[in-house]
């Protein structure tokens, strides 16, 4: 079985042109099969503001109305995606930029109304949720086999002609799980820290490797807490569904992936 | 040799949602290998205006500065391209939306400075020009073979990381010529008239078929004049490079393509 890396980058890298350029160079040099998933960053927020489109936040989650959807489709699937692809091509990486509608590769379901704490029913608008059957892994396999490096923006569709805004972390995870039937697949989350840290203020305190037993201990000891718990819960769920490993670390440490010294590695067994 | 249609639609269709939807349904039902190339329409012009970006026109040609390029990349490669793809997917057409950077399929050259009538040297900015070697026909062939229907926006790149704005008519023509080695290729220009007309005010006066000999006669008789001449010169040049035929007609007449009753057909020999 060949190995495959599914690498996700977020807004903090996209918003820094020099860091993005450097990351894309490293990504280009990574040998073997690979897929890039990118989030949005502040460009969409700024464009919405310049156009006078106000985006509503409910319990920290953004509501995507029709006008906001146009903005994210333009910025994520157009501006950011095509600039990333052009940059990868200039680094001899045969990138092909995709949204979920392309080749019907990621079909989502529009998020149903949700009841929040105060009893209100909330419509998050044009937001797409994914499940294990959302990704057409055969289509991705065909593209990889044809020599392309897929680069996904976080725009999906519902199969009925409607584009949907979807969380990039989730896209990366669902793609990685779906590809694990074809490849020994690693999911890599690039974020602003060196990895999962023993001490959040000490970037040298990286926990090199975590399996489910150790994860349970680290939670009980209070070492892993708050925002990291849903992230790691998701990661271990993906591993339980057949993913080889999940790596979490800084984008500029990507060259260390092959040396297995990149950030924190989550595996089913240490 | 299989047959292939390369179909180009322009702004007049894209700006009319009902007409676009109807066209995409017809396009979906067209059997066999096909490629769609779309222009921009008024959405980009409106977005630029809303953002206070002024676009300069010199001798009828738009200058694409850095801010205007962002607008067209967002609107053409993001908003329009992904909505067309989502709509085609809902019609069971396995569309994949692409810009020229994707898979390095269309590599352009930034337009050099041009000297205009009054002696000024004009920089058209981030505009890409194409030649016979710009298109990677093998990459398109791979995508067609894998069951995808490529949908191209009019954004290309220079191979050095720079996106470029490129004329959609030219993209369609250059793709069609480059594919004529693999397929018996027809280029279809959808525009607002029924075809090449004997009398521009009479939509029933369609000239059904034109070969180079007849074209020469029609020009000498003044039947074909002004704006149609460069269009048809281009078409016959493409035919001389191996293209099977060029069809010109109304988008809503697309179902007539297979019956060979669509608009005007230009061929090397009647």
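Glycine is no exception: its Cβ is also placed from the backbone N, Cα and C atoms.
The substrate binding site feature in TrEMBL is assigned to B:40, B:41, B:62, B:165. According to TrEMBL, the feature domain 'Aspartate/glutamate/uridylate kinase' maps to B:5-248. Per TrEMBL, site 'Transition state stabilizer' is recorded for B:8, B:231.
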If I take every residue in the domain 'Aspartate/glutamate/uridylate kinase' (B:5-248) and average their pLDDT values, what number comes out?
94
Cβ distance under 8 Å to residue B:40 (substrate binding site), same chain, sequence separation 6 or more: which residues?
B:11, B:14, B:72, B:75, B:76, B:80, B:154, B:168
Residue B:8 (site 'Transition state stabilizer'), number of other Cβ atoms within 10 Å:
25
Taking just the CA atoms, what is the gap between residue B:62 (substrate binding site) and residue B:231 (site 'Transition state stabilizer') in Å?
19
Pop the Cα-Cα gap between residue B:41 (substrate binding site) and residue B:8 (site 'Transition state stabilizer') into the table, whole Å please.
13
Three-state secondary structure, residue B:41 (substrate binding site) (per DSSP):
coil
Tertiary neighbours of residue B:231 (site 'Transition state stabilizer') (same chain, Cβ under 8 Å, six or more apart):
B:169, B:189, B:248
Which Cβ among the binding-site residues (B:41, B:62, B:165) has the fewest C-beta neighbours inside 10 Å?
B:62
Applying the rule Cβ within 8 Å of the centroid of the Cβ atoms of B:40, B:41, B:62, B:165, what extra residues of the same chain belong around the substrate site?
B:11, B:39, B:44, B:45, B:72, B:75, B:76, B:154
Diameter of the substrate binding set by C-alpha atoms, the set being B:40, B:41, B:62, B:165, in angstrom:
14
